[in-house]
Amino acid sequence: MSGLSESAKLVKEALEQRGLETPMRPNAVSREEKKEKIEHHMREILTLLQLDLTDDSLEETPHRIAKMYVDEIFSGLDYSNFPKITVIENKMNVSEMVRVKDITVTSTCEHHLVTIDGKAAVAYIPRGKIIGLSKINRIVRFFAQRPQVQERMTQQILVALQTLLESDDVAVTIDATHYCVKSRGVMDATSETTTTALGGIFKSNPATRAEFLHGLR
């Protein structure tokens, strides 16, 4: 894991120890090589689907998809993209809940590679350390930018924040629409999936848990 930030190393190790890491196999393929190979195979796939890649609307599609996969929607598979995290001492002795809600979640279902679209809410009780608020959003985005299962993504965000804050007192909930349900299969356009991960006092204290969940209404 050379070249990774200390925060990225800590989070990756914590997820691996808990069996919560996204299934991945490391390789030595560079970013540009990945794009070239994906573009090549995507060209084959689209050709098999009888699309005319000489058409000016389609000719760049394999390249666009390869770039999108590596640089954007699957960039969270690469821990060198883990956000730079600012964690500081809680010198103000803040002890009340910090909650960030309506965090945009745009991810990809790992079963069908279609969109998961929703909102996340994250809360923690400050102890010895506090984290810059925008860093919470960035951590959510990092774990969303990979093929995902919503249940695991929720747990990954929880463990990442617990690790960085050195505190179990973290809560995460995600409400999302899965396009593998909306646009195919049962084709249910209105259902949402809610997942929640609770740690520390959020799990052990009903009043704290209720305060977190009530604030999301």
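Going from the start of the chain as shown, residues are counted 1 onward.
Cβ atoms here come from the backbone N, Cα and C positions, even for glycine.
Remember, it's a predicted structure, so these values are computed and weren't measured experimentally.
Taken from Swiss-Prot, the feature Zn(2+) binding site applies to C109, H112, C180.
Reduced to three states, the DSSP call for C109 (Zn(2+) binding site) is strand. Residues T108, E110, H111, L113, V114, I116, H178, Y179, V181, R184 surround the recorded Zn(2+) site, their Cβ atoms falling within 8 Å of the Cβ centroid of C109, H112, C180, which are themselves excluded. There are 18 other Cβ atoms within 10 Å of the Cβ belonging to C109 (Zn(2+) binding site). In the three-state DSSP assignment, the secondary structure recorded for C180 (Zn(2+) binding site) is helix. Other C-beta atoms found within 10 angstroms of the C-beta of H112 (Zn(2+) binding site) number 15, with every protein chain shown included. With a cut-off of 8 Å between CB atoms and residues at least 6 apart in sequence, the same chain places C109, H111, H112, V114 near C180 (Zn(2+) binding site), listed in sequence order.
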